[in-house]
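If you look up Swiss-Prot, you'll see C81-C158 marked as disulfide bond. Look at Swiss-Prot and you will find N171 tagged as N-linked glycosylation site. Here Swiss-Prot flags K267 as N6-(retinylidene)lysine, drawing on similarity to another entry. Residues or ranges marked as topological domain 'Extracellular' by Swiss-Prot on the basis of a curator's inference: 1-7, 68-81, 145-173, 246-257. Sequence annotations record features per position, and here Swiss-Prot assigns topological domain 'Cytoplasmic' to 33-44, 105-123, 196-223, 280-289. The annotation transmembrane segment is assigned in Swiss-Prot to 8-32, 45-67, 82-104, 124-144, 174-195, 224-245, 258-279.
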Amino acid sequence: YLVNPAGYAALGAYMFLLILIGSPVNFLTLYVTLEHKKLRTPLNYILLNLAVADLFMVLGGFTTTMYTSMHGYSVLGRLGCILEGFFATLGGEIALWSLVVLAIERWIVVCKPISNFRFTEDHAIMGLAFSWVMALACAVPPLVGWSRYIPEGMQCSCGVDYYTRAEGFNNESFVIYMFIVHFLIPLSVIFFCYGRLLCAVKEAAAAQQESETTQRPEKEVTRMVVIMVIAFLVCCLPNASVAWWIFCNQGSDFGPIFMTLPSFFAKSAAIYNPMIYICMNKQFRHCMI
C-alpha cells in the first residue's frame, strides 16, 4: 500500500456512493426524456448527451476504480487500466464539449448574432456528433501510442501519463495538445459565449425590449446551463491545475494523495449534471411525477 489501507477503503466507499447515485439519476434522465415526447427538444438532446457521458464514466470507469480501490492497487492489470482511463477521459470530454455546444446554443438563441436562426433537431444532432468526435480525438490517441494510460496517484485509478517522459510515447506533445485543444479552447469558447450573453441580457433588461413572460423561459434555461458550467469548473479545474503542475514539475517530490484527491473529486461531475437538470427543469419534474 502506498498510503494507509483506510485511505483505499474511503476511496472505494466514495466510488460506491458515486455509482449508487450516478447510475439511477442518469438512467432516470434518459428514461423520462425518451418516454415523454414534449421533452424531446433540440436542447434536451444535448442534455441527454451529458447523461450518456456520465453513464460512460459511472459504468465504464467508476466500477473498475471501486474494485481496484478495494484491493489497493491496479488489480485488473494493463487492460483494465487502459479501459478505465479511456472511459473516464471519453466521458469527461463528451461532457465538456456538450457544455460548449450548450454555450453556443444559448449565445445564438439569446444574443441573436444570426438573424432568424432557430436551433433545430439537425443542429442538435450536429452538436452531438461534434462533441463525440472531439472527445474521441482526446481519448483515442493514448490507445494507439501517442501517450498512454497509466495508474496514477494511489495506483487505483488510471489516466493519461503526464507524470513521465517515457521514450516512444511523446507524452509532452500529447499533454500540451490536450490542454490547449481539449481544455483551454473549449473553456475560452464557453467564457466568450456567456460573456456576450451577460451583456445581451443586461441590454435587454435595460431597454425592456421583451416582456417578462417572453424572457422568463430563456432566463431559466440559461441559468441552468450556467450553473452546470460553474459546477464543471469547480469539479475539474483543481484536477487540471494539479495535472499541469505535475507535468511542468516532473521529478519534484509530491505524494500519491496530492495526485489522487483532485482526480477523485473531479469524478463527482457524473452526478451533478442530472441533479441540476432535474432540480431546475420544471417540465422534466412534472413528467417525472
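Glycine residues also receive a Cβ, built from the backbone N, Cα and C atoms like all the rest.
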* Compared by Cα position, which of the recorded positions C81, C158, K267 is the closest one to the residue listed as 'N-linked glycosylation site'? -> C158
* **Long-range neighbours of the transmembrane segment (124-144), counting only residues six or more past its ends (CB under 8 A)** => 42-43, 45-46, 49, 53, 82, 85-86, 89-90, 93-94, 96-98, 100-101, 104-105, 160-161, 174, 178, 181-182
* Structure fact -> Checking 8-32, 45-67, 82-104, 224-245, 258-279 against the transmembrane segment (174-195) for Cβ pairs under 8 Å, the most are found for 82-104
* Please name the residue among the disulfide-bonded residues C81, C158 whose C-beta has the most neighbouring C-beta atoms within 10 angstroms. => C158
* Structure fact -> So N171 (N-linked glycosylation site), by the Cβ count within 10 Å over all chains shown, scores 23
* What count of other C-beta atoms do you get within 10 angstroms of the C-beta of K267 (N6-(retinylidene)lysine), across all chains shown? -> 24
* Structure fact -> Outside the transmembrane segment (82-104), at least 6 residues beyond either end, the same-chain residues with a Cβ under 8 Å of its Cβ set are 43, 46-47, 49-50, 52-57, 59-61, 64-65, 68, 76, 127-128, 130-132, 134-136, 138-140, 142-143, 149-150, 157-160, 182-183, 186, 189-190, 193-194, 225, 228-229, 232, 236, 266-267, 269-270, 273
* What does DSSP say about C81 (disulfide bond): helix, strand or coil? -> helix
* Rounded distance in angstrom between the Cα atoms of K267 (N6-(retinylidene)lysine) and C158 (disulfide bond) -> 12
* Asked: According to DSSP, which kind of secondary structure is the residue listed as 'N-linked glycosylation site' found in, if we only use helix, strand and coil?
  -> helix
* Summary of DSSP states over the topological domain 'Cytoplasmic' (280-289), given as helix, strand and coil counts -> 8 helix, 0 strand, 2 coil
